[in-house]
Amino acid sequence: MSVPVIAPGVISTPGSANPSVAYPAGVIPFAQRKFPKTICMFDVDGTLSLARQEATPAMVATLKKLREVTAIAFVGGSDLKKILEQVGSNGVNDFDFAFAENGLTAYKLGQQLASASFIKHVGEEEYKKLVNWILRYLSDVDIPVKRGTFIEFRNGMINVSPIGRNASIAERIEFEKYDKIHGIRASMVTELEREFIHLGLTFAIGGQISFDVFPHGWDKTYALKHLEGEGFDTIHFFGDKTFKGGNDYEIFSDPSVTGHTVENPDHTIRLLDELFLGFA
């Protein structure tokens, strides 16, 4: 996938007051939107689109209308390339804020912000021990199907999948059903937490087939750092994995956030109609 087109502008760093922004052509400034101090943030898988699938035209149209009345942002655990396959290749510019890898890769109005590195945080030696342990553990896990890419290294985390990220959509659906019965991911997370407690890591189950591993505090609340000083007094978050241990839990339950649990993308659209678009 090609690198996203970056819109011109002057962008402040997280936490700065009175940010100076040159809005891209056609983008309504925050102050001129119906709810100028409100931002809606969205998980991706299961919220904006079905897992690893493209957002529907209805979702795209809804978000376009919503952007006229509030600021909007996506915040996903996947890397930016995978998220853009779901929200559209121009997603960095179609959202006011774009947060991949929980905000460790971040954009504001098309401009990239500062990022952080998982590998630098834990160190190469500890990282190797973690990877070796995971691979040994997975070699003993007996599940109906195994595919490829069991560990995916990302800038701000690693993603672990017992079935492998190369599984087809049908295989993903079947594994999710199997995992709900047998607790494959939950059992593995329990063992990892015990083995690597000294690293201060969070293990968050998300999507259908995997879980994320990242330092404490590098969950989706990390994205909130980029909103400091932006003038928002109301932050709405929409996600499907809002239960404790799910990768939406921390941001959903953050005291600065109004959280909404959704069942699927259609439910997200209905909630947005009820909360905002009926007043547009």
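Start at 1 and count along the chain as shown; that gives each residue its number.
Cβ atoms here come from the backbone N, Cα and C positions, even for glycine.
These come from TrEMBL:
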- Asp43: active site, nucleophile (ACT_SITE)
- Asp43, Asp45, Asp240, Phe252, Asp254: Mg(2+) binding site (BINDING)
- Asp45: active site, proton donor/acceptor (ACT_SITE)
- Arg52, Arg154, Arg165, Arg172, Ser210, Asp212: alpha-D-mannose 1-phosphate binding site (BINDING)
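Sequence-distant contacts of Asp212 (alpha-D-mannose 1-phosphate binding site), defined as residues of its own chain at least six apart whose C-beta falls under 8 angstroms from its C-beta, comprise Gly77, Asn102, Met157, Ile158, Asn159, Val160, Thr202, Phe203, Ala204, Gly206, Asn247. The recorded positions shown are Asp43, Asp45, Phe252, Asp254; of these, the one with its CA atom nearest the CA of Ser210 (alpha-D-mannose 1-phosphate binding site) is Asp45. In this structure the C-alpha atoms belonging to Asp43 (active site, nucleophile) and Asp240 (Mg(2+) binding site) are separated by 8 Å. Other Cβ atoms within 10 Å of the Cβ of Arg165 (alpha-D-mannose 1-phosphate binding site) number 20 in total over all chains. Put simply, of the binding-site residues Arg52, Arg154, Arg165, Arg172, the one whose Cα is nearest the Cα of Asp240 (Mg(2+) binding site) is Arg52.
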